[in-house]
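Let me begin by presenting the structure, written as structure tokens, before commenting on it.
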Amino acid sequence: MEVRVEGQMVEGQAGDSVAAILQKALSGKKFKAVVAARALDSAEELLDLSSPVPAGCTGIEPVYADSPEGLQILRHSTAHVMAAAVKQLFPKTRVTIGPSIESGFYYDFDVEKPFSSEDFSAIEAEMQRIANAREPFTREVLSRAEAIERFKAMGEDYKVEIIEGIDADTVSVYTCSGFADLCRGPHVPHTGFAKASKLMSVAGAYWRGDEKNRMLSRIYGTAFADEKALAAYLKQMEEAKRRDHRKLGRELSLFTFKEDVAPGMVFWLPKGMLVRTILEDFWRKEHLKRGYDIVQGPQLLRVETWQKSGHYDHYRENMYFTQIEEDAYGVKPMNCISHMLIYGNELHSYRDLPQRYFELGVVHRHEKSGVLHGLLRVRQFTQDDAHIICAPEQLEGEILEVIHLIRDLMNLFGFEYKVAVSTRPESSIGTDEAWEMATSALVQAVEKAGLPYTINEGDGAFYGPKIDVRLLDCIGREWQCSTIQVDFTLPERFDLTYVGQDGERHRPVMVHRAIMGSLERFIGILVENFAGALPTWLAPEQARLLTVTEAGDEAVSSMLEEFKALGIRAQADTRNEKLGFKVREAQLAKVPYILVVGEKEVQAGGANVRLRNGDNLGLKSVAEIAALIRTDAEEPFKQGGMRYSFA
């Protein structure tokens with residue numbers, strides 16, 4: 001048989017392993033970096049290197065350890081190595097599940113005494129011993145009955161429960177270093193690939209995410225293809241700790257959380273609410289400028305409405321429900337239904353299209369307690385949600401305009417970003433023709449915008465394909481942000497129409513889009529990206545006046561009024577404290593302009609200007625200081641099509 005590998009044809013024999021074929025095509029160095037392979041046939045399945053080449057396979061694509069797919073496999077294998085180490089050290093531990101996740105892996109254990117970070121050194125040492133031994137991952141296929149019998153004999157009740165819930169005649173089991181685990185695979189060839197690993201944290205997690213079940217001990221870890229990549233990641237994580245928005249939000253008095261009262265929901269403090277209000281006001285003005293109408297829908301809609309939309313069938317696990325008198329209601333997890341009902345409130349002509357509805361809408365989505373994370377993962381949040389209802393021939397142009405809005409926002413904050421087009425998932429509604437037309441419109445708009453993009457197969461919404469935009473912050477982390485979704489199905493379900501030039505009724509198409517996504521999440525990202533030192537235009541306090549002695553109180557009071565009249569957010573610190581102490585407090589509060597008023601400054605009618613980074617600009621008049629702050633606040637807006645105005 002002949003098999004194509006990276007552009008060359010390789011001769012092989014029936015029954016040859018994937019490894020045997022790859023060794024003929026790749027150099028020794030390249031082959032050593034391969035963790036698995038993809039069979040390029042109709043199934044395109046991932047294979048272990050020890051697997052035989054499937055019959056009829058025309059090509060094999062090697063999966064390298066440092067590729068996104070390779071890292072996922074490597075991390076999953078390292079989770080097995082960690083579980084093997086834990087079982088060696090703590091034999092009475094029962095194992096549950098251990099998947100790879102975005103930046104690493106975890107494994108949940110049922111253990112008498114929950115693990116702590118103090119256990120890490122022993123577990124990591126055992127993991128390194130296993131890695132150094134380069135023990136193979138071996139795969140065997142068992143009948144369900146055989147697998148149940150084996151795991152029962154091992155005392156692994158959780159694995160038995162999982163197997164009993166699998167609707168298949170056979171299951172696969174992988175073994176490394178004497179540890180057998182139920183797993184689909186594939187896995188790395190041997191444990192030596194798990195050398196560049198690190199345990200990161202511990203947490204509690206309920207079995208199957210159900211609070212009624214037993215609390216398990218979860219160990220998080222990460223792994224990379226080499227020590228250099230691991231070291232770079234650990235350095236990034238140290239910087240991330242310094243920038244953690246939960247820590248900075250507390251230190252800067254922006255927001256707080258009360259987990260005992262409202263888990264997954266934010267309490268905005270005055271300074272944080274000011275930041276949010278500034279951002280919201282700017283964003284509303286920007287949308288009005290771009291032809292959007294601002295609307296608002298109710299928080300509760302009858303359950304029948306969510307059944308009609310399809311959300312009840314496809315999304316109800318993420319929704320909250322309540323009862324009012326005899327009727328069941330769903331708390332809205334998104335705003336699209338209200339916007340369609342607003343559109344349907346009156347008859348529309350083709351001359352009215354496109355209709356662009358914008359809402360800073362509060363939504364609620366049920367997230368499991370284990371995944372809640374400050375502002376970044378909450379249960380109540382505000383979406384900068386818009387729905388564009390247009391004629392099919394207007395679709396591509398409208399998508400392009402949304403892409404331009406995303407680009408302008410990213411440029412405003414200096415973010416680089418990545419674009420992906422997500423296609424039809426397995427669970428979906430709508431016709432094949434509608435999905436193809438919608439996907440084509442998204443791809444063409446992205447290409448017209450000149451943006452590089454990738455395809456995420458099967459990752460679209462249940463009602464339509466989408467564009468996902470992930471921004472990159474200053475330390476290289478990616479964050480899911482903007483989304484554009486095309487929907488032919490919901491306008492059909494809610495019987496949306498417009499009167500065309502021919503006098504007949506026609507069906508419009510709808511674009512769902514959010515640019516910041518969740519305002520809470522976006523503010524959390526901004527706080528971390530700028531390490532709390534928000535851009536001057538967004539800072540809750542743009543300037544702080546500091547007196548040296550009581551003699552400066554009157555002058556500071558007068559300056560404060562002048563700044564406020566000019567729309568500059570300024571405060572005064574006239575406490576009887578040492579100047580150095582007050583300067584340090586202003587710097588810790590990330591105030592952009594620190595204005596010192598002593599005897600000399602009082603006589604000159606100005607202030608000594610210090611920046612939060614420590615630079616000293618010397619004595620300036622109130623007018624000069626106001627001009628500095630204005631210029632600084634307006635600077636980010638010069639690059640794009642957005643505008644900033646002082647209140």
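Glycine residues also receive a Cβ, built from the backbone N, Cα and C atoms like all the rest.
Note that the structure is predicted; figures quoted are calculated from it, not measured.
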Next item on the list: May I ask you to find which of Cys183, Cys336, Cys474 Swiss-Prot records for the Zn(2+) site already listed with His387, His512?
Entry: Cys336
Check: Within 10 Å of the Cβ of Cys336 (Zn(2+) binding site), how many other Cβ atoms can be counted across all chains shown?
Finding: 24
Check: Including all protein chains displayed, how many Cβ atoms other than that of His512 (Zn(2+) binding site) lie within 10 Å of its Cβ?
Finding: 22
Margin query: When secondary structure is assigned with DSSP, how many helix, strand and coil residues does the domain 'TGS' (1-63) contain?
Written below: 13 helix, 23 strand, 27 coil
Checklist line | Sequence-distant neighbours of His387 (Zn(2+) binding site) in its chain (C-beta under 8 A, six or more apart) | finding: Asn335, Cys336, His339, Met340, Arg356, Tyr357, Met510, Val511, His512, Arg513
Check: For the region 'Catalytic' (244-535), what's the model's average pLDDT?
Finding: 94
Notebook entry, point to check: Whose Cβ lies within 8 Å of the mean position of the Cβ atoms of Cys336, His387, His512, the Zn(2+) site, other than those residues?
Noted result: Met334, Asn335, His339, Met340, Asp385, Ala386, Gln485, Asp487, Leu490, Met510, Val511, Arg513
